[in-house]
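Student: Sharing the feature lines straight out of Swiss-Prot:
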- G87, D88, F89, V90, R109: substrate binding site (BINDING)
- D110: divalent metal cation binding site (BINDING)
Amino acid sequence: MSQAEIDFITQFRTIPTTCISDALDGLTNLTSTIKPLNENDQVVGPARTVQVASGDNLAVLKAMYEASPGDVIVIDAKGDCTRAIAGDFVLGMAKTLGIAGFVVDGAIRDIRASKALNFPIFCRGTTIAASKKTGIGNINVPISCGGVPIRPGDLIVGDADGVTVIPKGQEENVLQKAKKKQADDEARERAISDNVMAIRAYLEKMIHPS
């Protein structure tokens, strides 16, 4: 990515995923079962997509080898949590390579060590069993992750509330809408802060719109 591209996508770090979701009418949010391993995990970056067969992660290693710094590895493991797509060894290599984070529609393992990496990891679950490496899988292809279609280069944004996807080409429009939603939310919160009358007026307006 160019410095201009990095500066642009960095703006999404200051906006909650809830506001980005609202800007996209909630249509591109991954299933709520895909959660951050650490509550403070946050990830923003273009998707480097991976499609794997159940219990096989060689394609993940290929994607890491080809990834550019700042990419988010997004893995369609079809929700299978019987075998881990990655553990602390693979995740540690990804961090060293400058990969921005992992989003896995499946499981990881080595939880304590993985948490200690301070590397953004979003996954459906955890398990003990390792994956095989038979080579079955595809990289940089359209996938479905967490019930949402994702194409290579789509912008991935994740925080404590979950993960959402901004389709490539819509980033600027979504950024402006999300910024406005964030500003409106903050103004509304300031207006009612410790103000019983303002709260009652707001509730009245919502319950009995004119």
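Note that Cβ sites are derived from N, Cα and C of the backbone, with glycine treated the same way.
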Student: Taking the mean position of the Cβ atoms of G87, D88, F89, V90, R109 as the substrate site, which residues outside that list, in the same chain, have a Cβ no more than 8 Å away, listed in sequence order?
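Tutor: For the substrate site the neighbour list reads A84, A86, L91, G92, I108, D110, A113, S114.
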Student: Looking only at G87, D88, F89, V90, R109, which the record lists for substrate, tell me the maximum pairwise CA distance in angstrom.
Tutor: 10
Student: How many other Cβ atoms sit within 10 Å of the Cβ of F89 (substrate binding site)?
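Tutor: A count of 11.
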Student: Within 10 Å of the Cβ of V90 (substrate binding site), how many other Cβ atoms can you find? Include all protein chains, please.
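Tutor: Its Cβ shell of radius 10 Å holds 22 other Cβ atoms.
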Student: Just to verify a number: CA distance, D88 (substrate binding site) to the residue listed as 'divalent metal cation binding site', in angstrom, no decimals.
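Tutor: Computed Cα spacing between D88 (substrate binding site) and the residue listed as 'divalent metal cation binding site' is 6 Å.
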Student: By CA-CA distance, flag whichever of G87, F89, V90 among the binding-site residues is nearest to D110 (divalent metal cation binding site).
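Tutor: That would be G87, nearest by Cα distance.
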